[in-house]
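Quick notes on the structure that follows.
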């Protein structure tokens, strides 16, 4: 990367890299497509910037050298044939297959096993003219919201190096957040797009699980159907996410993967200006929100009301049951044996925190530990209990129960006649190493994987001195070891971004984006922080 960036700079000393890097994606694509900006200027500007951010945060795992020959071909494409993302350099998460490159998931055993072909998402990006140019770091196994493995090491948050960038799409969060990529593609099974976006002060959307093709994408727990995984974009602003979905939801996607419903991007819904009915809640009564999280929701609610929208309180119940019985039990219904198998022969397991050790324990020990822990640490007891092996019959009834829960949630939503929902998002970014100790804090995000609703994040504020002061009174709902650890993880974050989550019903990505755009516009108007 260093060599190619330097070579270009020496040959074209007059190219204004800074002004290229400052262009928002919609403006950049317009200039690339009408020919007023040559694709090689854009490409090498981003290669140079990506290298700088990688040096600072350790977010890139590989430079895709074939991107240079793709660039040469792009220069020959006539104006009429240029796709929506013509000439746009795109970063790709490690677990998304790119032909000729490893998808390691942070496992040493996956090294030197290059993918035979591009994943469908990468194929569609290329057909739309995009140039995938780097792959980015992930935590070992992907089942984590930190970003560290033995092959590539720890990725740091570009805004504060002592903080995690989030995970599992952490390399993407750091690279896009640092300005080294204008568009990134990641995946999400418990918050893996939303954590990095929120922690690094950018935007992301997790679509409904099957809105975009997952063909050629490696997952942390293969074959489980209880908690829906999704692939989606990360970018600096909402308009860029919309542009990316517009490009991906094309005939190409539907012909390359016929299991994806042929739903093109609905412009009418996205560009509508009719006032919305918005449900909201400030807490899930499981993970106590940090003062900044609560304030982010309150302030956003107020801005939306002032803009003419209607806000309706939404009553969240039994989130503890959802997390333990649907999310944890759903993902580890085999008692965690397939998860443990992935680590066979690997040296590092500690970043997995407790999950790995509980998964390894025999059934009788899990039962005993769960019983012993119940009076003292009820949440630990519940996690251990939900990681015991299930019979096929039990898995089927679990799937049925999740389905019923989903319909019940939609019923509550429809009864209030809601369009969308405003929810808290965990933040600010935790210190490096804390996510492994705080698996329970995924409650705000993972709920929408269990429900399989589209959910996006938008940064709306920065942590203030008052927020930091208020942390002194933070106790948590359980006042257990996790609550005490979470408050430590939040500390010392003045000036770090805090986001909100915007949620819509299944297959309503365009409405979700429209709501995100509204939140973004109002927040920008209120405080030109970002």
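Placed from the backbone N, Cα and C atoms, the Cβ positions cover glycine too.
Sequence annotations record features per position, and here TrEMBL assigns domain 'Amidase' to 45-513. Here TrEMBL flags 93, 168 as active site, charge relay system. Annotated substrate binding site per TrEMBL: 142, 168, 189, 190, 191, 192, in sequence order. Per TrEMBL, active site, acyl-ester intermediate is recorded for 192.
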* Asked: How big is the Cα-to-Cα gap, in Å, between residue 192 (substrate binding site) and residue 93 (active site, charge relay system)?
  -> 11
* Within 10 angstroms of the C-beta of residue 192 (substrate binding site), what count of other C-beta atoms is obtained when all protein chains are considered? -> 34
* Just how many other Cβ atoms lie inside 10 Å of the Cβ on residue 142 (substrate binding site)? -> 27
* Structure fact -> Cα of residue 168 (substrate binding site) to Cα of residue 93 (active site, charge relay system), in Å and rounded, measures 9
* Asked: Hey, how far is residue 190 (substrate binding site) from residue 93 (active site, charge relay system), Cα to Cα, in Å?
  -> 16
* Asked: Taking 142, 168, 189, 190, 191, 192 as the record's substrate-binding set, what's the max Cα pairwise distance in Å, rounded to a whole number?
  -> 11
* Structure fact -> Same-chain residues at least 6 positions away from residue 93 (active site, charge relay system) with a Cβ under 8 Å from its Cβ, in sequence order, are 135, 136, 138, 168, 169, 171, 172, 184, 185, 186, 187
* Asked: Hey, for the substrate site built from 142, 168, 189, 190, 191, 192, who else sits with CB inside 8 A of the CB center?
  -> 143, 144, 145, 167, 169, 187, 188, 193, 195, 220, 229
* Asked: Within 10 Å of the Cβ of residue 168 (substrate binding site), how many other Cβ atoms are there?
  -> 35
